[in-house]
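Trainee: The compositional bias 'Low complexity' annotation in Swiss-Prot covers 43-58, 128-138. Annotated domain 'Response regulatory' per Swiss-Prot: 158-276, in sequence order. Among the features that Swiss-Prot reports, 4-aspartylphosphate is placed at Asp209, with the record citing sequence analysis. Positions annotated as region 'Disordered' by Swiss-Prot: 43-66, 114-142.
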Amino acid sequence: MISMNPIMIRNNLSRSSSPAAPPITNHTSTVDYFSLKPKLSLDTSSQNDSISTQSSNNDDTHSDQQDHTLYTHNHYFDDDYDDDEDEDFDIRDQLLDPFDKITISNCNEEYYSPLTPFDDQTTSPQDSIISSKSSNKSTTVVPPPQFQLTLPKLTTYSFLIVDDNIINLKILNRILLKLFPKCHIVQIQDSKLVKDILHKQPFDSIFIDIEMPDVNGIDIAQFVRQDSKFDDMGMVAVTTRNSTQDLELFKQCGIDCTFHKPLNYSLDFMANSIDDIIITRKNKI
């Protein structure tokens with residue numbers, strides 16, 4: 001029998017009591033660290049679950065930040081050129097945005113630059129765009145505005161004005177002087193004096209008011225047309241009475257034309273009407 005000292009017996013007991021160590025095997029795994037780490041954390045005790053979970057999250061965040069920093073550092077110089085291009089496109093868009101808002105359909109609006117004078121003849125960008133497009137097809141010539149210039153007639157007429165209202169006399173006198181600057185005008189406010197004046201001097205035309213005291217316009221018209229000596233004299237009624245019955249009565253009394261008060265007629269119309277009346281009366285003789 002082999003004798004063993006106490007030290008050897010102790011070593012043998014310690015070796016036999018300890019579990020056999022598993023064999024060491026080297027396996028090449030394709031699993032990365034981030035997928036393996038959650039599995040390793042499951043082997044820990046239940047008391048340290050919360051601590052290990054928090055620490056693993058912190059490690060993951062830290063590692064993600066490192067990876068993001070590495071990725072940003074590695075791709076910084078690669079994206080530099082792209083960033084420059086993006087900035088160029090942004091600046092170009094900012095410059096072209098105001099012109100994109102200009103629409104041809106809104107042609108009434110005008111846009112002014114700081115150096116553009118505020119004049120009625122200023123051409124807006126819309127007009128320039130339309131003109132540039134239409135110039136290739138056809139050219140439209142805008143005629144200059146036409147101004148109607150009334151020239152006074154230089155005929156030396158002689159007129160008689162009869163009206164009981166002094167204001168109406170002055171208004172008609174001023175109008176006749178505008179139409180015929182060289183005419184001679186006699187104004188009578190008292191209608192009873194008309195017969196004497198007509199016998200004393202001839203007139204080319206007489207302008208009478210209808211509603212007057214003592215001798216009205218109808219009385220004067222009948223007196224004039226009863227005497228053949230005044231057949232070549234024109235007669236115009238200037239009155240507020242303009243109904244159909246009144247106009248028919250004036251025509252029967254020998255009145256050639258009627259101007260309604262107030263005299264809102266063009267100067268050309270009044271001048272041509274007076275000329276036609278006088279010429280027609282003189283041609284009948």
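First residue shown is number 1, and so on along the chain.
Using N, Cα and C of the backbone, Cβ positions are placed for all residues, glycine too.
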Trainee: Sort the residues of the domain 'Response regulatory' (158-276) into helix, strand and coil with DSSP and give the three counts.
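Mentor: Within the domain 'Response regulatory' (158-276) the tally stands at 56 helix, 24 strand, 39 coil.
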Trainee: Looking at Cβ-Cβ distances, which residues of the chain lie under 8 angstroms from Asp209 (4-aspartylphosphate) while being 6 or more apart from it?
Mentor: Val162, Asp163, Asp164, Asn165, Asn168, Gly217, Ala237, Val238, Thr239
